[in-house]
């Protein structure tokens, strides 16, 4: 039992003050912990120069590391997976380019060069690279506010390619500078709400293609889209609408069948290409293009033309391109890295987030120089790649080869592809991104996360994609600041028949120790929360004193602060502790510290706080601190202890 202090007679363990480190050595250690938590340099230790060169090449170009172990069995699996995702990449590439208000051929270009770059630099075995719906929507939304894709198509394409270049530069910089934690500010709740909102907006915008409308709003909010649809009732084309409903039904049925049995995954993978073929044949045979059904038209044959000269560095809209590039770069990273990590968990391997950022950045830089726009790791294509049994990133090379063949020989076959089919492909793909199950889960587990999710969703749907993203990030940042500025404090009690002390809220059976108030601080102590902690600790003391007075129990003599969760402290935090000590001394109470961490005890020592409080009042555990307090209470008269404390307080004054 703790009450009689019997364990104290053996003496407490002394809290050690770690030896001081030289300034630059300490700075080096802090920077290493911040930017290199995974210690990527450990593999270079005790290696020859040649070996270090090889290891460095393998680190930055992962294909050099796994290619020597590549087998024919792997190739057979990757060949099947690559051909399968190519059948999805072609219609999706054309559809998403159309969503971005770019020429459809750019969607095919973007499925050729970037996958080759990623296959060499990427660390995920399952990620299938290509254009993404949300990135395409963001591109159209942000550039379309200043540049019309119909009135000034050449400048619009140039700015899209330039934005892709800056997205790549930004992504590469984040990876090289080990700043991947920047993307972590997009929490899971933020991504769920943002993606769901963007998917909703994309689905609504595709009604333009389904209804055969020629003129449509460039705004992305739901009210503008609905107004644009219903203000043109007389221009709706029933032929296009009937085709749209039929193909949506076909795609949903194939999706349902593939979900019922995993062996039928190929049905869902081939459905978009099948829709394109059926739609093209139907339009060709019925001449539907003459009856209001819009078609893609001419697609230029040939591989990606160089586009370095198209980068609009001298344009007056350069700032817009940079801003757009940063935003779409962050979204592309957040989606791609999250998808890659998800599939890596299934196969029990690890991907390096910073290397992924470098790979994404380099493929977008290379893409911007070869007539491509933003590419990332779309979930739908990666899921098909995973289910098709891919073994390595060679599946991306196979896909790029298939797209290359399409560009060289097959593009004329897409002339009669109806735009309504592309719209239905996007609609069915986007419905899967509206993750209502995750939103329900967030509501059950964490209401604040649910608010973040809904803030992002409604911001995207009712305002714009950018505003939705800003709202979500702002709410997330406010939550982080709230956690920092308002850390949790709790009263600890003794679990019966043990030396264990836990929160009395979590463990109602925990007993308060007579004459001793034990408080636990659950966060680092900084200038942002020092004043709050001073007020909250003072309030705990007042409340304990009032409770003891009302119950007629013994008065409060000791305040024990459990600092085991306080990883660091600054000068404002130290000043707060000094003020708490003065207040307790004035009341005849004694402040006791338990389990201060390494950084905390070093700063308390340098600030002379240990000298002020006394080394004998700092303990290794809460149990030892309470045992010491009980020992003093049972061996000294309370008034003697109080007189001694008052005397020390007078000396301090």
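Keep in mind that glycine also has a Cβ here, set from the backbone N, Cα and C atoms.
Feature annotation (TrEMBL): of 51-77, 78-104, 294-320, 456-482, the stretch labelled transmembrane segment is 456-482. Transmembrane segment is the annotation TrEMBL gives to one range among 377-395, 396-414, 491-509, and that range is 396-414. TrEMBL assigns the feature transmembrane segment to residues 117-143, out of the candidate ranges 9-35, 117-143.
Within the chain, the transmembrane segment (456-482) has long-range Cβ neighbours (under 8 A, six or more residues past its boundaries) at 134, 137-138, 141-142, 185-187, 189-190, 192-194, 196-198, 200-201, 219-223, 327, 331, 439, 448, 528. Outside the transmembrane segment (185-204) by six or more residues, the chain places 99, 133-134, 137-138, 220-222, 225-226, 330-331, 334-335, 338, 426-427, 430-436, 438-439, 442, 446, 449-450, 452-461, 465, 468-469, 472-473, 476-477, 480 with a CB less than 8 A from a CB of the stretch. Contact between the transmembrane segment (236-257) and the transmembrane segment (419-436) is present: at least three CB pairs lie under 8 Å, with pairs separated by 6 or more positions in sequence.
Tertiary proximity for the transmembrane segment (326-346) is limited to same-chain residues at least six positions away from its ends with a CB under 8 Å from its CB atoms, namely 122-127, 132, 134-135, 138-139, 142, 163-164, 166-168, 170-171, 174, 180, 182-183, 186, 191, 194-195, 353, 356-357, 360-361, 364, 374-379, 382, 386, 466, 469. Ranked by the number of CB pairs under 8 Å to the transmembrane segment (396-414), the listed stretches 117-143, 155-179, 264-285, 358-376 are led by 117-143. Counting Cβ pairs closer than 8 Å to the transmembrane segment (117-143), the top stretch among 155-179, 264-285, 358-376 is 358-376. Tertiary neighbourhood of the transmembrane segment (264-285): same-chain residues 84-85, 87-88, 90-92, 243, 247, 250-251, 254-255, 257-258, 293, 295, 384, 387-388, 413-418, 420-422, 424-425, selected by CB-CB distance under 8 Å and a gap of 6+ residues from either end.
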